[in-house]
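Taken verbatim from TrEMBL:
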type	residues	note
DOMAIN	3-117	domain 'Band 3 cytoplasmic'
REGION	130-150	region 'Disordered'
DOMAIN	161-541	domain 'Bicarbonate transporter-like transmembrane'
TRANSMEM	189-212	transmembrane segment
TRANSMEM	232-255	transmembrane segment
TRANSMEM	267-290	transmembrane segment
TRANSMEM	417-435	transmembrane segment
TRANSMEM	456-475	transmembrane segment
TRANSMEM	505-524	transmembrane segment
Amino acid sequence: ELDFLKKIPSGAEASNVLVGELDFLQQPIVAFVRLSPAVLLPGMMDVPIPTRFVFVLLGPEGKGREYHEIGRSMATIMTDEVFRDVAYKAKEQADLVAGIDEFLHQVTVLLPGQWDPSIRIEPPQSIPARQERKLQGALDDSAAHSKPGNHSCPELEWTGRLFGGFRQDVKRKAPWFCSDFGDGLSLQCLASFLFLYCACMSPVITFGGLLGEATEGHMSAMESLLGASITGVVYSLFAGQPLTILGSTGPVLVFEKIVYKFCKEHTLSYLSLRACIGLWTSLFCLLLVATDASSLVCYITRFTEETYTSLICIIFIYEALGKLGQLQDTYPVDMHNKLDFLTTYTWFNVSLAAPANGDLKSRIWDQDPPTLSSSKLSLLPLCYHCPAALFLQECQYLHGDFEGPACAHNGPYAPNVFFWCCILFFSTFILSNLLKKFKTSPYFPNKVGRRSTISDFAVFLTIVLMVILDFLVGIPSPKLHVPDVFKPTRDDRGWFINPLGTNPWWTVLAALIPALLSTILIFMDQQITVAIVNRKEHRLK
């Protein structure tokens, strides 16, 4: 229809209205889609112009005429200039409903049987101005950009009373406290439970291991697991909307490193000073609650949220790739290896002369022990450890040093570990994305619910499949180290720490400064995360 295309102004965009009947539907399904950017859909229009809006109405059989009339009405509404402006700028469903209401206010209804179609209807005396018909508020460009923030709601208003916001939160939460537990008993929530278990436990234990390295075992995986368990349970039970994943982040790890380094340089007890910092931080957080400091969230802009989200994504991606790079150091790729040294060796404990540091040496020899010669010795794998360590596990437990062409950093060379970890790494990422998009795939055309279930369990199914595959293959890939016994990491202390301990009395007051920094860090981390989770488009309560 090239002749018709010449009459259409340049830059025009189309709106497609699609209605139909399906035998397996129990109730109508309506969708109004705004594409960004406009897309040229072949076979949809008589002329090749890009489509901006798509209206879809599908319903049970037997009401095709009603669906057709609804489609005609929607097409008529899309011809209205004011409603098109609303549709371009709408941010949520309520904006479209308001636009339809405004259109209906301006429509003149002619009752059937009260007029003759052959009679010409006189045009109105005056046409309402376009600016007068525009909706007030967010749908206007100037009004939309003049708002102070995206989180202005009654929950974030400053009350001006001590614990005023806290009391209002309790009043809003109390009527729904019991029903929230019953509402969570659904299959879709089960997918969230399983995903959150993996999403919470893995970083907590991993962070505990990093914390143990940074503090030389004063705080490690067990302490991190206990703290995350207590705070996670309390937060989930009493928070107004507990969908935020609690856990330590990269800035917290940096903070712990700085505190431990300071204590080590000034010969102070790290755990005692850390206990003081924790107590002061708790007091400061309590003061923030008492003064309704959460009302400041309404001034957090979308730009701040997106910047913070990007920072978190970059940190997670960097940490993931960094872990993969560290595996190459732990399990190096021997480009020019000799297979004889990888398959034919045994253990012999040969005590040599004691070196200056008092340690003894033991060597791994070939199955056919050669004579001691410097040329042959350079090709043999070596393990330095105590003379009683006759097995590989003992040498690893005593932190022996492995040298030679058949040894990696932690034992005999395993050539497949690094490449297998790369396969698991990228396979997990690709498979989880594919399963997440399974909801919109053409598989199971008559089972929409089945596709949604697979999409909801995408991450959990991927983790389970990759773990099973790793177990079946049997390559010794590194695993997450979980403590076997519930006890403090160090044997020289218990669970309760004296805030003063062996430190001078002034350290209790000096802990105010790092506690203030810790409070700011925790407040910003928590509030920005909650603001992102509670966006209006997520439709949370």
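The backbone N, Cα and C atoms fix where each Cβ goes, and this holds for glycine too.
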Stretch in 189-212, 232-255, 267-290, 456-475, 505-524 most in contact with the transmembrane segment (417-435), if contact is a CB pair under 8 A: 456-475
Rounded mean pLDDT for the residues that make up the domain 'Band 3 cytoplasmic' (3-117): 84
Distal contacts, the transmembrane segment (232-255) - CB-CB under 8 A, six or more residues away: 155, 169, 172-173, 196, 199-200, 203-204, 207, 210-211, 214, 224, 312, 315, 319, 514, 517-518, 521, 525-526, 529-530, 533-534, 540-541
Closest-packing stretch to the transmembrane segment (456-475), where packing means Cβ pairs under 8 Å, from 189-212, 267-290, 505-524: 189-212
Tertiary contacts of the transmembrane segment (189-212) (same chain, 6+ residues out, Cβ under 8 Å): 219-225, 228, 232, 245-248, 253, 256, 453, 456-457, 459-460, 463, 480-482, 489
Long-range environment of the transmembrane segment (267-290) - Cβ separation under 8 angstroms, sequence gap at least 6: 162-163, 165-166, 215, 218-219, 256, 259-260, 493, 497-503, 507-508, 511-512, 514-516, 518-519, 522-523
Helix, strand and coil totals (DSSP H, G, I; E, B; other) for the domain 'Band 3 cytoplasmic' (3-117): 41 helix, 28 strand, 46 coil
